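Enquirer: One structure coming up, written as structure tokens, with questions to follow.
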Amino acid sequence: MGLEVLEALDSARTQWYHVTAIVIAGMGFFTDAYDLFCISTVSKLLGRLYYFDPSSLKPGKLPLKINNFVTGTALVGTLAGQLVFGWLGDKLGRKKVYGVTLLIMVTCAICSGLSFGSTSKSVMTSLCFFRFWLGFGIGGDYPLSATIMSEYANKRTRGAFIAAVFAMQGVGIIFAGLMSMLLSAIFMSNFHAPTYEENRVLSTQREADFLWRIVLMIGAVPAMLTYYWRMKMPETGRYTAIIEGNAKQAAADMARVLDIEIQAQQDKIADFKAANDYPLMSNEFFQRHGRHLIGTMSTWFLLDIAFYSQNLTQKDIFPVMGLIPKEPKMNAIQEVYQTSRAMFVIALLGTFPGYWFTVFFIERLGRFKIQLIGFFMMSFFMFIIGAEYNYVKAHKNVFALLYGLTFFFANFGPNSTTFVLPAELFPTRVRSTCHALSAASGKAGAMVGVFGIQSLTVDNEVGQIRKAMLLLAVTNLVGFFCTFLVTETKGRSLEEISGEDGGDSEFTATPPVGRVSMTRQRSEETM
């Protein structure tokens, strides 16, 4: 039961508009990654500024609970935003809510930098409030960007296109480290100060209070630059045809942006909708897609425990491993510079290449193999770091290599594929919602990393860091086995994968006789 507008999208040659859509959607992920990860570069500075104790031998540090809330509230907001905007994307349309996410990100990124107060508690409360709503906007970008890109792409390059959108997260992580490094270098050259050992009071420059605010507010710039182009994008042809039932408009929209001729076939729309008119919370959905939804949710949950633990605890691990000086041997802005530089190098050499390896190889190796390899290699390298921690600690180049490889295989692996698969496995009617459920499960895992794993590393204790690495190794191994709940999707149309075309395939279970007869009855009633 094929529709020409869908077949035309699947067979369309790669065109300039595909590249434009990747950039428009990808800039959202660039902003998302910058906003979520730049906090790691300045969180220790916040401790020096607002929790200074002149009697302590070490610089001020955010108390554990406050540190977890500062770094974790954006993730809580992201989880909420994913669920809300994912549902709205299916109910109202992808385009109608796509620009709202950017407006929230711009507003809250600026307000995060304007978190003022007369006490440290009021500043941190204000910061956490705005970062929650910043995360809410970021969360909406996950299901909407993935769904829009999957529904625009042709079936030959769909995985690479979705992965390319997500790869902009790697660019955002690099940019977070780079901007923090450049800004702190500028501040260092203009505002000199002794180390904490030399002078506890003067080691924290007053001007440093501007530094962290500027770093956070820069996240608003790329979102502002992208807003106009998002508003110019038409609704996806699949949503317009299948959900709104307007094949004529879908054909016109797609013909305009993709330079292809499409027949509307309005008469086939009613039959197509009748054959796929089942809600998310139904036995039919769970018979056909339940295993896949459990698979995408569980793998993303397990992946983000490790991925966010790695990214948000780098600042604690680097001094222990000797990659940057100990805190008392630096002033406040020097610590931001050293932490940012180490994060930038790890991201550039380990994180960034992994994303683009996925883009180049996902249509050759497939999603399933890449995810299995990534989970296994992450578990392997983290186990070595944890099991041989004393040796690795004494050889910082070995540690940097192993730690960088865990980032590489996270991104040439499950961090990319857990984003791609939910955008392909589920029917158009619930695609955005199912992606949102999977992504929200991931952010629940990220919160386990922030509020659980990070508590093991925040005090820089060697034994606790070793324990964290071993726990993450086990987590990744469980993710390896949960991958078998999903299936390969490369080279197939979205309707073939989800069973929306009316055919049975390896992707969907053969429907029960009762359901088939009910579907036929509905179809006959509409004719």
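Along the chain as shown, residues are numbered 1 onward.
Note: Cβ is positioned from N, Cα and C throughout, glycine not excepted.
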Enquirer: Between the candidate ranges 66-85, 446-465, where does TrEMBL place the transmembrane segment annotation?
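Expert: In TrEMBL, residues 66-85 carry the label transmembrane segment.
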Enquirer: Is the transmembrane segment (368-387) in contact with the transmembrane segment (129-149), using three or more Cβ pairs under 8 angstroms as the rule and ignoring pairs under 6 apart in sequence?
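Expert: No, the transmembrane segment (129-149) does not contact the transmembrane segment (368-387).
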Enquirer: Are there three or more C-beta pairs under 8 angstroms joining the transmembrane segment (21-46) and the transmembrane segment (210-229), sequence spacing 6 or more?
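Expert: Checked: the transmembrane segment (210-229) vs the transmembrane segment (21-46), in contact.
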Enquirer: Considering only Cβ pairs within less than 8 angstroms, which of the stretches 97-117, 161-190, 342-362, 399-421 has the most against the transmembrane segment (368-387)?
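Expert: Checked against 97-117, 161-190, 342-362, 399-421; highest Cβ contact count belongs to 399-421.
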